[in-house]
Amino acid sequence: MSSKTASTNSIAQARRTVQQLRLEASIERIKVSKASADLMSYCEEHARSDPLLMGIPTSENPFKDKKTCIIL
């Protein structure tokens with residue numbers, strides 16, 4: 001590979017890197033303490049509708065067997 005091609009590839013790679021860094025720098029950031037407080041608040045507000053915390057009523061559970069086994 002010639003040095004001209006290598007330098008062209010290097011410049012293209014550097015431009016992609018700069019573009020990616022500019023994109024990342026423009027992202028709005030919040031402090032971890034605020035993000036965790038918001039997450040805790042969201043979890044507490046939606047806890048009643050969370051089936052993993054409250055469970056699924058047996059009448060609404062589509063995976064529960066409708067009838068028992070005759071052998072048992």
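Backbone N, Cα and C atoms are what each Cβ position is placed from, and that goes for glycine too.
Per Swiss-Prot, N-acetylserine is recorded for S2. Among the features that Swiss-Prot reports, phosphoserine is placed at S10, S26, S49, with the record citing a large-scale study or a structure entry. Sequence annotations record features per position, and here Swiss-Prot assigns phosphotyrosine to Y42. Positions annotated as cysteine methyl ester by Swiss-Prot, on the basis of similarity to another entry: C69. Per Swiss-Prot, S-geranylgeranyl cysteine is recorded for C69.
Projection of Swiss-Prot feature records onto the structure.
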{"residue": "S10", "record": "phosphoserine", "DSSP class": "helix"}
{"residue": "S26", "record": "phosphoserine", "DSSP class": "coil"}
{"residue": "Y42", "record": "phosphotyrosine", "DSSP class": "helix"}
{"residue": "S49", "record": "phosphoserine", "DSSP class": "helix"}
{"residue": "C69", "record": "cysteine methyl ester", "DSSP class": "coil"}
Integer Cα-Cα distance in angstrom, S10 (phosphoserine) to S26 (phosphoserine): 24
Residue among modified residues S26, S49, C69 with Cα closest to the Cα of Y42 (phosphotyrosine): S49
Cα-Cα distance linking S49 (phosphoserine) and the residue listed as 'cysteine methyl ester', given in Å to the nearest integer: 32
Least Cβ-crowded entry, counting other Cβ within 10 Å, from the modified residues listed as S10, S26: S26
Pairwise CA distance, S49 (phosphoserine) versus S26 (phosphoserine), rounded so that it is a whole Å: 36
